[in-house]
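Participant: I'd like to ask some things about the structure below.
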């Protein structure tokens, strides 16, 4: 589920960065960048390992457990006084709940698509989110983009279509979940900023930092995720699967939860050490080694045409990031 940046929002992991509060450490830009790249790539690869290699058929429960791990750690750090978080008041929950529903849908569809589609194609198909977001910005906020941005978006569409056509492991169910994920991720992006502005008005400090948003999003996702887990009949599977009796499986799932939280912290650290421009470009470039690792580690059958489509899509992502930088400047 990781990672590209849109107006300060890390959409693939669903975590939001707003005025990071970590103190800037001199000469730590490279270290923070490496930490962000490693945690981002590792999160997706570990999720793929759990869902495909273990053949775990409860993606909602996996999301639920990861978010539970994040809540426990953030609450512990807050109680120890290492971080500050806003109290989860009823007014704040009412404001945030609608966008949290989209957040949960975004995470769940990402889990389902990752189970059926290889990592490289998931990475390329996620570029479609940029297209939907750009169109949404144009119609909802009257925001216009220059020709270079639209060219990059067109290249993304071409790469996604050609990649799907040449995908030797094509799975219609996985592609359907990924298309749904693109629409939900774009919706999260388009609604989040306004929700954040409204939420700040009902907090005690008048602000909503990264840690508060992680706690808020993940806490609200727990009851909703539990309901959906029952609705998708995952509980029957969980009671019968032998995987939950394996300590090694719980270790891997816990690792995925820790990596999800690590992305929040390392992305905030990296963004504070460098800036949105560098963060966006590194996020696009980071998809290249992630795609290669996904193909190699999971022995994905591929062809020259499919590999070319994947590479074309990754390059289109970098072109889009550079075009957005020029547009903002």
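Every residue gets a Cβ built from N, Cα and C, even glycine.
Pulled the feature table from TrEMBL, pasting it below:
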- 29-46: transmembrane segment (TRANSMEM)
- 31-312: domain 'Sugar phosphate transporter' (DOMAIN)
- 58-83: transmembrane segment (TRANSMEM)
- 95-114: transmembrane segment (TRANSMEM)
- 149-166: transmembrane segment (TRANSMEM)
- 172-190: transmembrane segment (TRANSMEM)
- 211-232: transmembrane segment (TRANSMEM)
- 252-271: transmembrane segment (TRANSMEM)
- 278-298: transmembrane segment (TRANSMEM)
- 304-323: transmembrane segment (TRANSMEM)
Participant: Can you find at least 3 Cβ pairs under 8 Å between the transmembrane segment (29-46) and the transmembrane segment (278-298), where each pair is 6 or more residues apart in sequence?
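Facilitator: As far as Cβ distances go (cut-off 8 Å, pairs 6 or more apart), the transmembrane segment (29-46) and the transmembrane segment (278-298) touch.
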Participant: Does the transmembrane segment (58-83) make contact with the transmembrane segment (149-166) through 3 or more Cβ pairs under 8 Å, each pair 6 or more apart in sequence?
Facilitator: no
Participant: Could you give the mean pLDDT over the domain 'Sugar phosphate transporter' (31-312), rounded to a whole number?
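Facilitator: Looking only at the domain 'Sugar phosphate transporter' (31-312), pLDDT averages out to 91.
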Participant: Which of 149-166, 211-232, 304-323 shares the most C-beta pairs under 8 angstroms with the transmembrane segment (95-114)?
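Facilitator: Per the Cβ under 8 Å count, 211-232.
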Participant: Residues of the same chain, at least six outside the transmembrane segment (149-166), with any C-beta under 8 angstroms of its C-beta?
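Facilitator: Beyond its ends, the transmembrane segment (149-166) has Cβ neighbours at 121, 124-125, 127-128, 130-131, 134, 175, 303, 305-306, 309-310, 312-313, 315-317, 319-320, 323-324, 327.
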